[in-house]
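**Q** One structure is given below, represented as structure tokens, and several questions about it will come after.
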Amino acid sequence: MDNPIAGDDFSYLSGFGNHHSSEALAGALPAGQNSPLICPFGLYAEQISGTSFTSPRNRNLFSWFYRIKPSVTHQPFQPRVPSNRRIFSEFNNSNSSANPTQLRWKPMDAPDSPTDFIDGLSTICGSGSSFMRHGYAIHMYAANKSMENCAFCNADGDFLIVPQQGRLLITTECGRLKVSPGEIAILPQGFRFSVNLLDSPSRGYVAEIFGTHFQLPDLGPIGANGLAAPRDFLVPTAWFENKSYPGYTIVQKFGGELFSAVQDFSPFNVVAWHGNYFPYKYDLSKFCPYNTVLFDHSDPSINTVLTAPTEKPGVALLDFVIFPPRWLVAEHTFRPPYYHRNCMSEFMGLIHGGYEAKADGFLPGGASLHNCMTPHGPDTKSYEATIVRGNDIGPSKITETMAFMFESSLIPRISQWALESPFLDQDYYQCWIGLKSHFTVTETCPENQP
């Protein structure tokens, strides 16, 4: 069994992609086989598979649970009442729109009525289909109460949760994760989990991917070290509860719709487990950023924390990129992000602080979307402030900030809710209107140019 490490009142296992094992009762893990006729303590053996059985071994994801009752012990699933009509995972003309305009949203307000994580989710944009096992969705959440007597299971894909306000206690079948703003949590497809709010209200962002899983990006010429270190990813240790829960509800997201099934026990009854398919969390402050040290501005891909690849090399279904505190030292260089049109689509959020390319309007808890080939870049105030400082400004450090980007090769459609939301910034385009021409013609201009 792995040796756990301590952290935020819980113990964790360390390492990305490792085959871990954990037991809440000594001796609960079977010795030498996965599914003996009689498991220790009379437990049931149950496997969860995150990939097909015949996936290549280096990409084959599965775990074995040893639980008090198997997860199959529940009443039939029924459409959940009430449902959450703001979330979906099939993107088409009936529920979302194509829109090339630069879009920005202000931070969401706390709900007016009691709202948990499930009912606080709202889909902003996405592409593809969970049924076709290819695509993604980007959601935001705002909640003011913990999930009570229920658990959530996402059968559609993996969740990457980015809390912006309020700490979360996420109970999973593998154990518990305490996740604070500045950390992320990954909840793989099929795991049952419950979200308790340690602070209320709470809000944040969620990226969901269909048909694949997150992995660490290749480092290429960077070498063996840098960016997100595998050892800094933390996995929960086994934790269980064994008590009756009459009317306990499993809420399952399936094809973007919510279904519920009732059972009389907690799904968090896994006494021991082992495998390489599990929830995990990561502290973004542990990221080791790289940057240019002489001139020009590095591409944002240099700050990729996790990637969900496609079959085409170097092209991501979804990248998770961050913009953490770092030194800027490039000489004779426009240091903020350059003006850009991108074949990829970029959704940005801000956890805390400010963002170097947007002096005004981009607030913690807010978001922006720059779709495929839509121009974007620093606003007028950021550009003018940078030019005024001139070339010889010396090294400077960006501090007290954490912005991030979900970047995808698929073009997202925007949900009707997001386009009609009172939080949509109708004046976003104004931040670039003030950019003026600095073009001048001098006597030193080459002869073949005007």
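Glycine is treated like the rest: Cβ placed from N, Cα and C.
Note that the coordinates shown come from a computational prediction; the quantities given were computed from them, not determined experimentally.
From TrEMBL, for reference:
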{"type": "ACT_SITE", "residues": "HIS297", "note": "active site, proton acceptor"}
{"type": "BINDING", "residues": "HIS340, HIS376", "note": "Fe cation binding site"}
{"type": "BINDING", "residues": "GLU346, TYR355, HIS376", "note": "homogentisate binding site"}
{"type": "DOMAIN", "residues": "12-284", "note": "domain 'Homogentisate 1,2-dioxygenase N-terminal'"}
{"type": "DOMAIN", "residues": "285-439", "note": "domain 'Homogentisate 1,2-dioxygenase C-terminal'"}
**Q** For the recorded homogentisate site, enumerate neighbouring residues of the same chain (Cβ within 8 Å of the Cβ centroid of GLU346, TYR355, HIS376, site residues themselves excluded), in sequence order.
**A** PRO337, MET348, ALA357, LYS358, SER368, HIS370, GLY377, MET405
**Q** Around HIS297 (active site, proton acceptor), which residues of its chain at least 6 apart sit with Cβ under 8 Å of its Cβ?
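**A** Non-local contacts for HIS297 (active site, proton acceptor): ALA330, THR333, PHE334, ARG335, PRO336, PRO337, TYR338.
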**Q** Relative to the Cβ of GLU346 (homogentisate binding site), which residues of the same chain, six or more apart in sequence, are found under 8 Å away?
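**A** The list for GLU346 (homogentisate binding site) reads LEU369, HIS370, HIS376, MET405, PHE406, GLU407, given in order along the sequence.
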**Q** Suppose you look only at the domain 'Homogentisate 1,2-dioxygenase N-terminal' (12-284); what would the mean pLDDT be?
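**A** Its mean pLDDT is 97.
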**Q** Among the binding-site residues HIS340, TYR355, HIS376, which residue has the largest number of other Cβ atoms within 10 Å of its own Cβ?
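**A** Neighbour-count leader: TYR355.
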**Q** Taking only the Cα atoms, work out how far TYR355 (homogentisate binding site) lies from HIS340 (Fe cation binding site), in Å, as a whole number.
**A** 16
**Q** With the homogentisate site defined by the record as GLU346, TYR355, HIS376, how many Å span the farthest pair of C-alpha atoms?
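**A** So the binding residues stretch over 15 Å, Cα to Cα.
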